[in-house]
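If you check Swiss-Prot, you get these features:
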TRANSMEM  23-43  transmembrane segment
TRANSMEM  55-75  transmembrane segment
TRANSMEM  89-109  transmembrane segment
TRANSMEM  110-130  transmembrane segment
TRANSMEM  150-170  transmembrane segment
TRANSMEM  176-196  transmembrane segment
TRANSMEM  226-246  transmembrane segment
TRANSMEM  256-276  transmembrane segment
TRANSMEM  286-306  transmembrane segment
TRANSMEM  312-332  transmembrane segment
TRANSMEM  353-373  transmembrane segment
TRANSMEM  378-398  transmembrane segment
Amino acid sequence: MTAPTGTSATTTRPWTPRIATQLSVLACAAFIYVTAEILPVGALSAIARNLRVSVVLVGTLLSWYALVAAVTTVPLVRWTAHWPRRRALVVSLVCLTVSQLVSALAPNFAVLAAGRVLCAVTHGLLWAVIAPIATRLVPPSHAGRATTSIYIGTSLALVVGSPLTAAMSLMWGWRLAAVCVTGAAAAVALAARLALPEMVLRADQLEHVGRRARHPRNPRLVKVSVLTMIAVTGHFVSYTYIVVIIRDVVGVRGPNLAWLLAAYGVAGLVSVPLVARPLDRWPKGAVIVGMTGLTAAFTLLTALAFGERHTAATALLGTGAIVLWGALATAVSPMLQSAAMRSGGDDPDGASGLYVTAFQIGIMAGALLGGLLYERSLAMMLTASAGLMGVALFGMTVSQHLFENPTLSPGDG
């Protein structure tokens, strides 16, 4: 779709040191953006005390973030479609840098929320362009591996970034954590500007993107986005309360709870590179296996929740289900985004933007539904997750050609 300046996407040796460096920069961008997004999770109490507001009010920062990202993603992607892809990425990272600086200096909650809105606006733009940039750096046969490589940054944000900012918030204050994220975001923005090709669109390619382009109905893309929204909703119904699930359903408490949370994140970190090659060769099979595993994990946790008995055996089964959940929830995301981009034809950025919007809607819907069901029982909450995952799995299984790689045109190399 783009013509990368100084980079050949048709080389027979795609994983050169230069391209590995470029993909690492993209992974760092994903890492710092996700770390900034979830920073309030580990700093809830510290922010609440410092700004003299309730913990509940601070918690709304995440919900409003998802709402702003969902509303602004598609319009912003269309508005910037004619930009070189590197510019869109760097602008997103600069906005993140400014946002974190505003947050670090915020004298009150309103200013903090305003700072968060700035990076929420460009959240969707970054996630709409980052995966397409990765796929354009390598041949089409390596697109899945390129996409999964940037999700390593997402996994590291959960395993390293979030715990690190949480620890800094507890020991030295949340403002210092925000300052550190500011510096890291600025460094990644500079690295992206220096390491990545400009990726300018040709005149014929501009006909397929932007505000003036015609966007015919794409049932395949719509179906991928709807199934993504259902699956993400199912995940976030329970993920918001994963600590409670580990404690009250699995029966793991104290220091072991923290270790199991870490295992959840590490499992996701390990799973991402493992699914890269299968995603390129058997995209539908890889997605079906991942969704089947997620459905099985939620079904097992549901059974344990209804059982209400804690034994060594149930703790072992529950631990396995949590680790499986962590591994596959992280692995399925790049699978679905790859499917969305393949469905987008000549406009993978626009397709990726619609995917990001569906993902953000799923986050909001899952958090809302999870809160309502949590007040009733954990068993009902987990049942909803298992049911929604089952619905998404069924839709993906019966859909024809949903995850197939389209036939490449000669010009695609």
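Here the Cβ of each residue, glycine as well, is placed from N, Cα and C on the backbone.
Contact between the transmembrane segment (110-130) and the transmembrane segment (286-306) is absent: fewer than three CB pairs lie under 8 Å, with pairs separated by 6 or more positions in sequence. Among the listed stretches 150-170, 226-246, 286-306, 378-398, the one sharing the most Cβ pairs under 8 Å with the transmembrane segment (256-276) is 150-170.
Against the transmembrane segment (55-75), stretch 23-43 shows more Cβ pairs under 8 Å than any other of 23-43, 89-109, 150-170, 286-306, 312-332. Contact between the transmembrane segment (150-170) and the transmembrane segment (286-306) is absent: fewer than three CB pairs lie under 8 Å, with pairs separated by 6 or more positions in sequence. Long-range Cβ contacts of the transmembrane segment (312-332) within its own chain (Cβ-Cβ under 8 Å, at least 6 residues beyond either end) map to 148, 151, 154-155, 158, 231, 235, 239, 242, 245-246, 249-252, 260, 263-272, 274-275, 287, 290-291, 293-294, 296-298, 300-301, 304. Note: the stretches the transmembrane segment (226-246) and the transmembrane segment (176-196) are not in contact (fewer than 3 CB pairs below 8 A, sequence gap of 6 or more).
Packing against the transmembrane segment (23-43) from elsewhere in the chain are residues 58-59, 61-62, 65, 89, 92-93, 96, 99-100, 119, 123, 126-127, 130, 133-134, 137, 146, 149-154, 156-158, 161-163, 165-167, 169, 174, 177-178, 181, 184-185, 188, 191-192, 195-196: each is 6 or more residues past its ends and has a CB under 8 Å from a CB in it. Here the transmembrane segment (378-398) has Cβ contacts under 8 Å with residues 223, 226-228, 230-231, 233-235, 237-238, 241, 244-245, 248-249, 284, 287-288, 291-292, 294-295, 298-299, 301-302, 305-306, 369-370 of the same chain, all six or more residues outside its ends.
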